[in-house]
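Q: Below you will find the structure I want to go over with you.
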Amino acid sequence: MKSQACLKVCLALIGLVSIVSTAYIANDVVSDYAEVKELLAAFYRKHAKKYGHDYDPAAIQAIAENMDKSVKNDKTEATVNRKLWNEVFENDIILTLPQAESLLSESNSPRSRRQAHPDPRNFWPNLTISYEFYGGEETWRQLIRSAIRHVEQNVCFKFKENGGDRDGLRYYRGNGCWSNVGRVGGRQLVSIGYGCDSLGIVSHETLHALGLWHEQSRDDRDNFISIVADKITRGTEGNFAKRTAANSDNLGQPYDLGSVMHYGAKSFAYDWSSDTIKTRDWRYQNTIGQRDGLSFKDAKMINTRYCSNVCQRSLPCLNEGYTDPNNCGRCRCPSGYGGTYCETVEYTSCGGSLTASSSYKKIESGIVQPDANCVWRIRNPGGNVEVMFDQVNFQCADPCQSYVEVKYLSQKTSTGARLCCSLPSVIRSEGDDVIIILRGTPNTAVGWRGFTLKYRAIGGTPITPATVRPTYATTTRPYWTRTASGWIHIKNPPLYKPDGQIYTSDEQSAETKYSSEELYDPSTFLSPSSSSASPALLLPSDASPQRPSAQEHDLSQLSQNALTRPTPTTTVAPDTASWSAWGEWSACSQPCGGCGTKTRVRACYGGNQVCPGSNLDRESCNAHACAKPKKGMICNGRLLLPCDLLAKLNFGSNNYLNPKLKQSGFARSSTLPLPRISQRKPVFVNELEVHPPTERFLSSSTRRVKRQTANRFCEKRFIYQCPTALLTIQMEYKPDTQGTNDAYFQQYPECCSGYTPRRGVCYKN
């Protein structure tokens, strides 16, 4: 009973420490953060008053906890970081002390259009940045490496794991997802906690570290979005404040509703059914908040800031492209555009370049395939293009996952309107072309019909129907498929007719020999609709897909010979089905130990959709032995307990992780540094000062000291990964049958059950 009472007292003491320190981001994790949070609270209080509200951290925390009970998730850091609303700025930004001071005083400063961090002291001096991991499992590390490769592919920075630079990034499993803005010196933390495990969120936090603020904090944001103030959680209105020239710079780039740095539509909402951000053009509503990866504009911001001197000369890029710092011989083009100088449509196996005429023409996507990536460019030189959708059929999501994107603005840098839920009204281009992009996710379910649209020329010098080739329907099976590190090419994919029949790679689609110009022409990747008099033109099976030449081949510019050539004969697709190419391998089911497996799948198309063999392929993976936990962690700790109680308790870990940590034996309670809950003096000291010591009081004090001396304390030393915002110690009574020395190997086996390690590799018994 006495031991149980002592255990309750110890647990109560630990619980009291936890209650007093409710912060999720401790001051020793981020330098000077206690002072930063005081300034941040003053900033939130100031902005709450502008809306007639008070800043009540307890009320905000209660709303956040209630929201966490919801299964809703917008796939942004906003969902994960609800409990951090009082700890961070704009959901995921860790401010430095100078930034916080500037933030509090900026409301009276002149405003200008700004968005990237302008202080040269926060710029990265080199284009190679060191990074390291601070704990975390291997699958988590691989995700971060994939996100870093994704960033590297789009900007001129290179990242070196475990590099020796003094300044760098340290990714660790903290509470939530957060980062500093710009370089702050030393190994600055980037927290990728549980729930932040996506390529887009890791990229988002990395771009913060490179110097980008959130997109919706730009001064010109009111031209593109409106803030629904009455839907925002009271007291968090300061998270919608706009930046000024004091701490950000737009670098002359337009506002991008598809930026990976943009808030989602429901950020800081007190009710998940409510939007706190509405786009001025409602067709963009499901575009904001995407976390698929960097947009063209996101990368252009970084490259404009850091990479303008990488190449010796600038290329004459079109359509707002710019010289690619990773390949100085080409331009980096906005989505939808391709070619050396961004003069053509982006190369895909489905889609192409089309010219509008005075009468409507039709584009049908067909059934949306997984990883579909198709791009069309519709032109009307000297005029505009009108687009009218008859069907938009995708899985509705906020933001869109699979979608049709329409770029109809005169500026090309920004992301287009992504449609997946609603049918838009008539769209008219601001310039002389429109870009249509079809995207499908890797896990797109079969059955979504995609989109159907019709287009025509408005103004300009439209071509009459008599001078153009028949209307073309399209397919959605890509030659290119998306991976975590970018788009990769699939050799010899199956070719499709509009009715869904398939031409496999070993079938000749036509006996007619085409010229090399025709094979390069994007129009040869299109097949006429069923109303056309001409049969499908299909790429011969022995020809490898080629990228378009530098000069774009428009349908209206085909030679007369091409328009009048004899109708080619085609081989009718057999009634039997055929397999598609294998998809990518899944992640391994185990990080090590020998028993892991990975799988890949393929689809059966055409005919009766019955193909020989299995659609599933399985392979063993990660046969290497599991590494034992390393000793020598950064921080040591100790727990003070009565010695007779300590011997009866089990702990969540053991000291086999570090044999150097031994129990240090007995120690007098008067010399032990007990936890300091507050700055108040002990109660019995106050009593001594206020009242003269009586005989009764002295007798009581003597008995108390005797009890403490007889009940000597022992210390339980332990190690833990630090910095940490929350340290949990698990204790329970040992079962009578349990020994005191658990085998280290039993707790941390090198191989799975049924496998034996030999020279670092696990083999099946």
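Cβ atoms are placed via backbone N, Cα and C, with glycine included.
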Q: Quick one: Swiss-Prot says C400 makes a disulfide with which of C420, C421?
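A: So the cysteine paired with C400 in Swiss-Prot is C420.
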Q: With C374 as one half of a disulfide in Swiss-Prot, pick the other half from C350, C396.
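A: Record-based pairing for C374: C350.
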Q: What average pLDDT is reported by the model for the domain 'EGF-like' (303-343)?
A: 96
Q: Determine the Cβ neighbour count for H214 (Zn(2+) binding site): the number of other Cβ atoms within 10 Å of its Cβ.
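A: The answer is 25.
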Q: Identify which of the binding-site residues H204, H208 has its Cβ surrounded by the largest number of other Cβ atoms within 10 Å, counting every protein chain shown.
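A: It comes out as H204.
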Q: Can you name the far-off residues of the same chain, 6+ from the ends of the domain 'EGF-like' (303-343), with a Cβ under 8 Å from a Cβ of it?
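A: For the domain 'EGF-like' (303-343), the list is 116, 123-124, 127, 153, 155-157, 211, 251-253, 295-296, 375, 377, 405, 407, 411-413, 415-416, 435, 437, 547-548, 550-552.
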Q: What is the Cβ neighbour count of E205 (active site) at a 10 Å cut-off, with all protein chains included?
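A: Counting Cβ neighbours of E205 (active site) within 10 Å gives 24.
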Q: Given the recorded Zn(2+) site (H204, H208, H214), which additional residues of the same chain have their Cβ within 8 Å of the Cβ centre, ordered by sequence?
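A: Those within range, site residues removed, are E77, D92, I93, S179, V181, E205, L207, L212, W213, V260, M261.
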Q: Could you break down the residues of the domain 'TSP type-1' (576-627) into DSSP helix, strand and coil, giving a count for each?
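A: Counts, helix then strand then coil: 0 helix, 17 strand, 35 coil.
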